[in-house]
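Here is what TrEMBL says about this protein:
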type: BINDING; residues: B:Cys70, B:Cys73, B:His74; note: heme c 1 binding site
type: BINDING; residues: B:Cys223, B:Cys226, B:His227; note: heme c 2 binding site
type: DOMAIN; residues: B:48-180; note: domain 'Cytochrome c'
type: DOMAIN; residues: B:207-346; note: domain 'Cytochrome c'
type: SIGNAL; residues: B:1-23; note: signal peptide
Amino acid sequence: MKLHLVAALAVLSSTPALADMRVSIPFAAEIGGKAFSCSETYAGLGSTGAEVKAVDFRLFVSNAALVRKDGTLQPITLDQDGQWQTGSTALIDFEDASGGCTNGTKALNTTLRGIVPAGEYQGLSFTVGVPFEINHGDPTLAPAPLNTTAMFWNWQGGYKFVRIDMVPTDRKEDGPKGWFLHLGSTQCDAASKTESPKACKNGNRIDVQLDSFRPDGSTVVIDPAPVVAGADLRVNAPETSPGCMAFPKDPDCMTVMTKLGLPYMDVAAGPQALVSLR
Amino acid sequence: MRRLLQTAAASVWLAVAVHPAAAETFVWPLPAWMPPPVVPGDNAMTAAKVDLGRHLFYDARLSADGTVACVSCHVQERAFTDGRPTSVGIDGTTGHLNAPSLANAAYLPVLTWANPHMTTLEFQALVPLFGEAPVEMGGAGREVEIFARLAADPYYATAFAAAFPERPQPDLFTVTRALAAFQRSIVSVASPYDRFKYGGQSDALSEAAQRGEQLFFDHRLECYHCHSGIHFTNNLKTIRTSTGGGEAGYHNTGLHDPYPDAAPGLIEITGREADAGRFRTPSLRNVALTAPYMHDGSIPDLRGVLEHYARGGRAGSHPQKDGMIVGFEVSPREVDDLIAFLESLKDETLIHNPALADPWPEDHPARARRVMP
């Protein structure tokens, strides 16, 4: 899959929008540095060098902002397109329902589109995840893309922020169905049984800072290979969900969450290794 | 007077059962002593919606591969449970929890075994439909295909329009609303015990069952502390509930120590150590039909359950074990009496009510590939 890598950047001609600048930030999905495709296989992954097919690759990003020269943040006002972007949240979708991506959608969404005041910017920041304020609503009433059932996580509370599903090509007949990386908030307590959660013990949102981002040429790369580098993708701890789904006490998550920049059980957060810039 | 009221209620029931779609407004098949359940503001009960929900409930085309319907884990003859220790979804995926009875689910302020966020049947329906940990009906990412499948069925073409005139197509909103409306109609308040207690029929219970009732409500056994009230559970909300969310009881009954990570209790969601092993108290109505027992189906029969409580829990030392699980001594005859009482909570009208039965013909695509327990 060839991604368009050009960052569209245009000064609008009409006033008073003269001072506005349109941004379209390209995202690329890769696995071990190789472009993601639903029909591709990827070798040398995880602690045992597993070969996998990838069957889903989607993530929510929110609260994107460009960084001004003085280091302050300029939030990007996202286009409200009725399909991929709502409020400050967007679903980035790299799977096209082909090949092994049987639970996918044909349509792709590989850019973040919006408007900022014209100016000079030298960095990008965003959150991987859905903001808490909209994460715990009723998905049957939510606008797109928050009605995407593949990203539902409501049995825990909220949405899956990241969904990257990998299936080892040499998996045993009775082995785990795959090694799925699902990230979402866990342990969300509520004050009473008639209210949405007040807070989640593990919000599990990834704050991303990309300092050398250039609006006219940078691409945001999402690659799970460094995140799962310490995990054996051919096995799954008994009685836990296949892969790492962020649930507490899952041995499959022990080496993984820290590389998403998140604390997990007694392992401290390390630098996030999922998102980089090119 | 009580007899009169009961007769009136019975005739209402009959009207609903015989002409399910005739009336626009839904009439609760309830006797006068039972207040109706609370209905969410965006999902008023109508006969058309309940009928649509019944068709959806029995339709395996709601699952990714057309093999699992709601009824695959909630069978009418078993008071809408499945007889298995833990439920099975598509591709033979086994879950970690025992399918709870749906009878009187409308009265529960919070659904499922141990998730405080499941406060409506509408929201809860998303779990079996789209859940992935574990997979049940496998619908995640398949909603367009599933709703198109439904829309192509001639019954649904008119039924969605009748139930949702403003929004006449299968989608996340209408499907979950209709399923919830049907489940709310699954009420069960016509057991021999109800006739004895509320209907003035003193001969509706055997003498053994009457002795069992006294034991059940006795301080020695403490059964009624959790299995209290009109549905024999300390989870209740009706239109007369004045305490907002209603009463919701969760308890650690000393079943395991520690509880396995796959089904750790309320702590899974709240993260509070005090919630380890705490599961919602199930109703005991129709309990004779809902074996095996406990949240994980780990006790095969009622005698085993009584033994468990008599011992004060299988894992006597769990630090979070409820203070009411103290153990007791009972004679074999007393156990027989208790079981006679529990069997008197069986409602034959629930399992034979045609308004709750499978509406699809045997060879219909809705059930052609449907797997039953």
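Using N, Cα and C of the backbone, Cβ positions are placed for all residues, glycine too.
All features noted in TrEMBL, drawn onto the structure.
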| residue | record | Cβ within 10 Å |
| --- | --- | --- |
| B:Cys70 | heme c 1 binding site | 26 |
| B:Cys73 | heme c 1 binding site | 27 |
| B:His74 | heme c 1 binding site | 25 |
| B:Cys223 | heme c 2 binding site | 22 |
| B:Cys226 | heme c 2 binding site | 21 |
| B:His227 | heme c 2 binding site | 22 |
Between B:His227 (heme c 2 binding site) and B:His74 (heme c 1 binding site), the C-alpha gap once rounded to whole angstrom: 22
Which residue counts does DSSP give the domain 'Cytochrome c' (B:207-346) for helix, strand and coil? 44 helix, 8 strand, 88 coil
Sorry to bug you, but what's the C-alpha spacing from B:Cys226 (heme c 2 binding site) to B:Cys73 (heme c 1 binding site), rounded to the closest Å? 25
When the domain 'Cytochrome c' (B:48-180) is classified with DSSP, how many of its residues are helical, how many are strand and how many are coil? 62 helix, 6 strand, 65 coil
What does the structure give for the C-alpha distance between B:Cys223 (heme c 2 binding site) and B:Cys70 (heme c 1 binding site)? Integer Å is fine. 31
Mean of the pLDDT scores, which run from 0 to 100, over the domain 'Cytochrome c' (B:48-180): 96
To the nearest whole angstrom, state the Cα distance for the pair B:Cys226 (heme c 2 binding site) and B:His74 (heme c 1 binding site). 24
Enumerate the residues of the same chain, B:Cys223, B:Cys226, B:His227 excluded, that satisfy the criterion Cβ within 8 A of the mean position of the Cβ atoms of the recorded heme c 2 site; list them in sequence order. B:Phe216, B:Glu222, B:Tyr224, B:His225, B:Ser228, B:Phe232, B:Thr233, B:Asn234, B:Thr281, B:Leu284
What are the other residues, in sequence order, whose C-beta lies within 8 angstroms of the center of the C-beta atoms of B:Cys70, B:Cys73, B:His74 at the heme c 1 site? B:Phe57, B:Ala69, B:Val71, B:Ser72, B:Val75, B:Phe80, B:Asp82, B:Ser87, B:Ala99, B:Leu102, B:Pro128
